[in-house]
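Following: one structure in structure tokens, then a few remarks.
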Ligand code: NDP
């Protein structure tokens with residue numbers, strides 16, 4: 001029987017556990033707070049930010065909502081980040097990407113105080129992750145580690161294949177999988193758009209993480225019998241639905257589930273975990289900034 005890994009349930013259990021840590025911080029006089037900065041009118045970005053704020057409120061994290069006109073000068077965004085860096089009542093800062101073309105996204109990530117960088121994208125935090133001393137693990141790959149663990153799969157000594165090498169998913173995922181630490185110790189291959197014989201690589205995977213952003217590119221024939229398949233992709237494809245589209249992953253779910261030992265669905269797999277791990281990092285940041293010991297799930 002193929003195990004369907006329920007990201008909603010795992011995320012809920014992490015949120016439940018975080019509430020106890022948040023209560024502890026509140027008792028110590030430090031309610032965690034997350035500032036979200038949106039410099040965009042893109043409806044998808046607006047939706048992501050409002051979901052993140054709802055998530056915060058649900059567990060007792062204060063959500064600070066900052067909107068910047070997308071036509072404003074880049075300096076306005078940098079000034080806002082500087083104010084948030086200096087504000088002791090702000091524990092986490094998230095600038096929703098993408099920012100407008102006239103703003104350089106790498107400079108934005110560098111402007112955020114690394115102690116408040118709950119996305120884990122500041123070069124200091126990326127460096128710490130690579131060095132095996134992560135402060136804030138990026139939310140999507142960290143959530144995937146939790147999903148793999150929840151399925152009772154031990155990564156140690158396994159062949160892991162990550163399809164995709166982006167800074168936010170593929171690279172940090174591969175880095176976590178090779179760490180000499182729980183959830184790591186896998187022999188890891190990273191594939192990308194120039195990889196030759198992709199199917200040969202993916203068929204070798206005991207653990208396959210698909211993060212290419214190409215609808216249903218990995219089918220059952222590209223998967224090893226019994227593999228753990230984590231589908232990160234969220235792709236809109238035209239469909240005869242009320243909205244005119246549906247969401248599919250990078251994995252062709254129906255054929256993959258016949259072969260996989262465990263698999264995440266889309267939606268309801270990785271997505272909820274990404275959101276839960278943002279709360280996790282915000283709680284961790286609050287503890288670190290105020291030297292309060294918080295038990296993290
Ligand atoms: P990017 O577009 O930044 O990166 C995609 C990567 O996949 C690149 O490294 C690219 O290779 C590689 N790739 C593209 N096509 C192929 C192919 N045909 N064969 C092999 N590799 C290929 O995407 P992201 O990493 O940001 O996101 C990936 C997917 O995950 C998207 O669908 C996104 O929506 C989703 N996502 C979901 C999240 C969640 O919470 N569930 C969070 C973040 C992303 P190259 O480097 O050579 O161009």
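The backbone N, Cα and C atoms fix where each Cβ goes, glycine too.
Keep in mind it's a predicted model, so treat the numbers as computed, not measured.
Among the features that TrEMBL reports, NADP(+) binding site is placed at 164, 165, 166, 234. The domain 'Tetrahydrofolate dehydrogenase/cyclohydrolase catalytic' annotation in TrEMBL covers 5-119. Per TrEMBL, the feature domain 'Tetrahydrofolate dehydrogenase/cyclohydrolase NAD(P)-binding' maps to 138-286.
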> Within the chain of residue 234 (NADP(+) binding site), which residues six or more apart in sequence place their C-beta under 8 angstroms from its C-beta?
Replying inline: 247, 249, 266, 267, 271
> Among 164, 165, 166, 234, recorded NADP(+) binders, what is the largest CA to CA distance in Å?
Replying inline: 16
>> I need the least crowded one of these binding-site residues (164, 165, 166), counting other C-beta atoms within 10 angstroms of each C-beta.
In response: 166
> What does DSSP call residue 234 (NADP(+) binding site) in the simple three-state scheme?
Replying inline: coil
> Using DSSP, how many residues of the domain 'Tetrahydrofolate dehydrogenase/cyclohydrolase NAD(P)-binding' (138-286) fall into helix, strand and coil, respectively?
Replying inline: 53 helix, 30 strand, 66 coil
> For the domain 'Tetrahydrofolate dehydrogenase/cyclohydrolase catalytic' (5-119), what is the mean per-residue pLDDT, to the nearest integer?
Replying inline: 97
> What are the DSSP helix/strand/coil residue counts across the domain 'Tetrahydrofolate dehydrogenase/cyclohydrolase catalytic' (5-119)?
Replying inline: 61 helix, 16 strand, 38 coil
